[in-house]
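Among the features that TrEMBL reports, region 'Disordered' is placed at 35-85. The annotation compositional bias 'Low complexity' is assigned in TrEMBL to 35-50. What TrEMBL records for 174-208, 209-243, 314-348, 349-383, 384-418, 522-556, 608-642, 676-710, 746-780, 781-815, 816-850, 921-955 (among others) is repeat 'PPR'. The domain 'PROP1-like PPR' annotation in TrEMBL covers 238-399, 407-531.
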Amino acid sequence: MAMASPPHTPLAAAAISITCSSSKSYDDAAAATSSYWSLSSGSAPPSSQGARRRRPPPYRRLLHDEAQRLRRERRSQGAGAETPRWVRRTDAQMARYIEDDRAGHIHGRLVVAAARAVRATASRPPGSVRVAMASFVSKLTFREMCVVLSQQRGPRQAQEFFAWMKLQLCYEPSVVAYTILLRLYGQVGKIKLAEETFLEMLEVGVEPDAVACGTLLCTYARRGQHTDMMLFYAAVRRRGVVPPVSAFNFMVSSLQKDKLHGKVIYLWNQMRETNVVPNQFTYTIVIGSYVKESLLEEAMNVWRKMKRSRFVPEEATYSGLISLSARHGRGEQALGLYEEMRAHGIVPSNYTCASLLSLYYKTEDYSKALSLFAEMEQSRIVPDEVIYGILVRIYGKVGLYEDAQCTFEEIDRADLLSDEQTYVAMAQVHMNAGNYDRALQVLDSMRLRNVEPSLFSYSAVLRCHVAKEDIAAAEDAFRALSKCGIPDVFCCNDLLRLYVKLGQLEKASALILKLRKEVQLDEGLCMTVMEVCCKSGMIVDADKILKEMQKNRVAMKNSAMVSLIEMYARNTTSVVQEEDNSSKTLDCRTDSSSLSTTLKLLLDTPGGSSAACQLIRKFAREGNTEEAKFLHEQLNELGVKPEDSATATLIVQYGQLQKLQQAEELFKASASFPVGGPVYNAMVDALCKCGKTAEAYNLFMEMADRGHSRDAVTISILVSHLTKHGKFQEAENIINGCFHGKVQLDTVVYNTFIKSMLESGKLYSAVSIHDRMISSGIPQSLQTFNIMISVYGQGGKLDKATEMFTAAQELGLRIDEKTYTNMLSFYGKAGRHQDASVLFTRMKEEGIMPGKISFNSMVNVYATSGLHDKAKFIFEEMQSSGQIPESLTYLALIKAYTEGRSYSKAEEAIQMMLTSNITLSCPHFNHLIFAFLKEGKIDEARRICNEMEDLGVAPDLACCRTMMRVYLEYGCCSEGISLFKTTCGSLKPDSFILSAAFHLFEHSGREFEAGDVLDAISLHGASFLRNLKVGSKLGEIE
């Protein structure tokens, strides 16, 4: 009802007053003042006198009071208070506002009465609304009827009132009324009525807007009708209507509750395409779905958009992202998220802490795990069973088994021990420590406490029994595991490995047949199955399994294929070697075919050829040349050139096994491809090891002529063998060729060159090579200095040898016993026994314990100087140090005694050898014989010779020559002839012995025998010494 403007209000028709209204009320005032001008349209205020004369309308005072009241309410509500908005009304509207008595109420008296009347019909029979609303006919506007409709809670009352509304004259079909009705039906779950109402709206020609469509979408979402919801959403989008963000939130929330994360992501993409602005709730739901789908990058992208929108993620959002990042191995990213969460003051949940602890456990960052426990204590986060379980695993991994046991007992005392995984974690700790019995006790206690076991715990029981090699118990555990579900490939692999280890191939074969029907073979289990098949001769089954893997497209890594090829190759060669069984020959052909198939698969992968060649090298180094050769031939048949390193390794192995023919065949077969330097070097090495130095030399020169690189190792080996066989010129040719060809040489090769020149007696060349080595900047080793000491020592330049010894010490090289012994030997030969003694003492002071060679050298040093007492002292020192004197030691001691003319002690030394069961040889007696003969004591010398013969020691050439000379010079014809006849058949023909025998026969008048000797001299090409005279020293016999 209209009301005339108050007489006190100027410009009543045009003036505009301002009031404040919140989202809930039209008359909620904000901060209005009571001054007249401040609430007007902005016209100039009257003078102060006029203002005093006029009295403001009464509704201004009411507005002022209401504004004060609202201000007080907002103060008490704090930051969460709703901010009111200003509403502009004319003076006429304000007059009606006062007349309608709505100050402090949401609606007017008439609307409130109508709403109460409709609600009161809830307890009355259907159709009572028309009777109750009879007094309101033509009194309510359309807007007021919509307000009354929105105030209803029962679907029947709302339906009947809406039917009454449509009978009123002021009613007009509107989306607002239908939307209110849709919302009410959705709140009470009347989806059928909501659908009928929506269809009615379409039938009357009302175009549904985004709010109406969103309301019905929320209804579907609230009741979990996801199929209908998505169908209706598709229909809405076809009409070009975009639901509001609140509707999208309802939809994605409902979908996420039913774990339909893919549809959540679909709706999120739809929101992005239609430019719907998401809110914090939307971001939280979408990130959660991405986390559940393990889509880390997409989840992080949404999280970044959320931060750009200045929303602070919740703890659950951070927790999901941290857990997903940890599972994807993004440890730094997970830690960054955690630090950001803590910076926002968000207290982590147990799930977040468990995710971080699992990350620290995997990365073995136990210090951070300790810091996290400290933070949990500060934040008063009570650890749950999961966190305790992770702590048990951490203790087990660092070897703190007792602490793990104490933590497990603490969980039990806290009455938190209820999860199967905690028991298995403790059992795993015991298994890592090798305490399989205690692990089984933990798992048994779980069963006694009625914790339902699963595949997880049964797998742990199986691993324990497999580790204990208890087949019966392992089989029981596997059967129990099979009852819970299909065993995983790891359990099957463990049981198969146990069968193979204990030689139970029949059981392994039976298990394989069962697994092929039930379990999808992976790479690891496939390799175990293949191994069993090859060991048990089930090659046909192995072929079938390989074909099944190819059919099922089971991916195999290069390492797995190499292992499979290795098993095929080993089985093939073993069957070929056993040609007595025709069925095995058939298996061999099948095996060869499978090998070829697998080899082709390997060659098609990146690095496959190198892997195959690596397997050839492995076979060759293990001495399995047949397998290596077989695989080498397979590569050639497939048109693939094996790497030179693989061919070279096989040739070298042939050389070590003295199989030169096979090495030559392989070398010739490799000629079909371009042959590189490694193959030539390997063939040279094989020829050297088989004693074919001439062929090795020729091949090496051919290799050099063809321009192949000459390997330093091959050069060293070839020069060493040439030197060893006395082919010094060829060795020198190689040395000069290397110098002129500018071959890259190392320390070992230079040492070999110097030693070759030393052995050939070309000491000057050895020194020259050493100088070249120094000028080329090649580092010298201790072996270099040792060889050069020998070079200078043999050349008589002992001072130079001493300089080399000192230079080695100055370079910081650790002088070994061999170098000391070399110097001692040359000091001894030069008669410098004092220097040798000083050096020997220094060697012991350096902590080098003298060995047999060092002691022998020192005895020789004193023997050369005739100091038999000191030689005896060294001999006794050697015995006291635990070193057992050998034949050379006694030889040096006998030499010392003979040089010092202590012949009886020399004979005692020979007796000591007999007592010690040391084999005597002619040189041990020669020193005494030569000493006696030198002094003209022929009888003593003959006595020693007789003793030697009695002991079964045959005289050597030097002894016979010396005795023959004495017999010739002193005219002992019969003794000389007897000696000749005794030894002529056992010794190599010697010019002096034959000539002396001729003169003795001729002097004795035995011309015929003398002629035979002369014929023997001519036959053997020996020289005849005519100047020898019988009895030239007869006057000197004592």
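Every residue, even glycine, has its Cβ placed from backbone N, Cα and C.
Secondary structure counts, DSSP: the repeat 'PPR' (608-642) has 27 helix, 0 strand, 8 coil. With DSSP states grouped into helix (H, G, I), strand (E, B) and coil, the repeat 'PPR' (384-418) comes out at 26 helix, 0 strand, 9 coil. Here the repeat 'PPR' (746-780) has long-range neighbours at 712-713, 715-716, 719-720, 722-723, 728, 731-732, 735, 738-739, 787-788, 790-791, 794-795, 808, 811, meaning same-chain residues at least 6 beyond its ends whose C-beta is under 8 angstroms from one of its own. Panel annotation: around the repeat 'PPR' (781-815), residues 747, 750-751, 754-755, 757-758, 763, 766-767, 770, 773, 822-823, 825-827, 829-830, 832, 846, 848 of the same chain, lying at least six beyond its termini, place a Cβ under 8 Å from a Cβ of the stretch. Note on the domain 'PROP1-like PPR' (238-399): mean pLDDT across this stretch is 86.
Here the repeat 'PPR' (676-710) has, by DSSP, the following mix of helix, strand and coil residues: 26 helix, 0 strand, 9 coil.
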